[in-house]
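Enquirer: In case it helps, TrEMBL gives these features for our protein:
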TRANSMEM  26-46  transmembrane segment
TRANSMEM  66-89  transmembrane segment
TRANSMEM  101-122  transmembrane segment
TRANSMEM  142-162  transmembrane segment
TRANSMEM  182-201  transmembrane segment
TRANSMEM  207-224  transmembrane segment
TRANSMEM  231-252  transmembrane segment
TRANSMEM  258-274  transmembrane segment
Amino acid sequence: MTTALVALGYQENWWQILTSSFMRNALVGGTLVALAAGLIGYFVVVRNTAFAAHALAHIGLPGATGAVLLGLPVVLGLGVFCVGGALVIGALGRRAADREVATGTVLAMATGLGLLFNSLATRNSSTLTNVLFGNLLAITDQQLLTFAVLLAMVVLSIGVIYRPLLFTSINAQVADARGVPVRGLSITFMVLLGLTVTMAVQAVGTLLLFALVVTPAAAAIMLTPRPPAAIGVATLISLVSVWLGLGVSAMFNAPPSFVVVTIACAVWAVVWAAQRGLRSSANRVLVT
């Protein structure tokens, strides 16, 4: 048994690693990111803006590399490009079809800038790697403060616009007919999504962000149709994924981002399989 664990990369000093200062920062930072991802992720799924969430993560890449070139904090570059991209997508994409085109256009431009800035910042490849794949273990005290401020902004904003945002998310046409400011809410939501992406990219990276923001919410919606309950379940799945992911990464010397994403995807797969099994059983009962 011990030989098998060693072959998997088991570390006997995992508890010391788990209680170290950098791991505590990772735990606190991951918790803040998971709370924001669980809250905003529900609306991302309901509003069918998963592509926008994925695109914003990549749009932040040139912001990060550009900040390195200018000697500015990476989070500042990420925030400016993510929120700026969100504003452009929200302003141009009023309808679903328009939003997809606007998202693709902004993404293409941002990707080109990212390649340019990266070619100019050849000595900072570690920054590019962290942005692409995330690095929970490198979260600093300053980043924790930034995460806390961004989370507070997201939570307070959602709390203020929750009802009209939910209304427009479920049926935008009816909401517009009743005088609800659909366009304004759409832009506001995209900005909040940009803030959340700014946080999450530093935890799991641009390539894996989709799994932390969208996957828990998708699983939660399959479990319950009630919005408040679905938001709570999505947040819980995000939290468990981060906490368990950090624990497993400490025990087996695995990249935290990979483990976190794997757990979130595994939960979704189990929920999806269970729901499909229940539907098959129900159909067989109806047939007989």
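One-based numbering along the chain as shown.
Here the Cβ of each residue, glycine as well, is placed from N, Cα and C on the backbone.
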Enquirer: Can we call the transmembrane segment (26-46) and the transmembrane segment (101-122) in contact, meaning three or more C-beta pairs below 8 angstroms at a sequence separation of 6+?
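Expert: Between the transmembrane segment (26-46) and the transmembrane segment (101-122), contact is absent.
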Enquirer: Quick test of the contact rule: Cβ under 8 Å, at least six residues beyond the ends. What residues does that give for the transmembrane segment (231-252)?
Expert: 8-11, 14, 17-18, 23, 26-27, 30-31, 33-35, 37-39, 41-42, 136, 203, 212, 216-217, 219-221, 223-224, 259-264, 267
Enquirer: Would you call the transmembrane segment (142-162) and the transmembrane segment (182-201) in contact, using three or more Cβ pairs under 8 Å, pairs 6 or more apart in sequence?
Expert: yes
Enquirer: Three or more CB pairs closer than 8 Å, sequence separation of 6 or more: does that hold for the transmembrane segment (101-122) against the transmembrane segment (66-89)?
Expert: yes
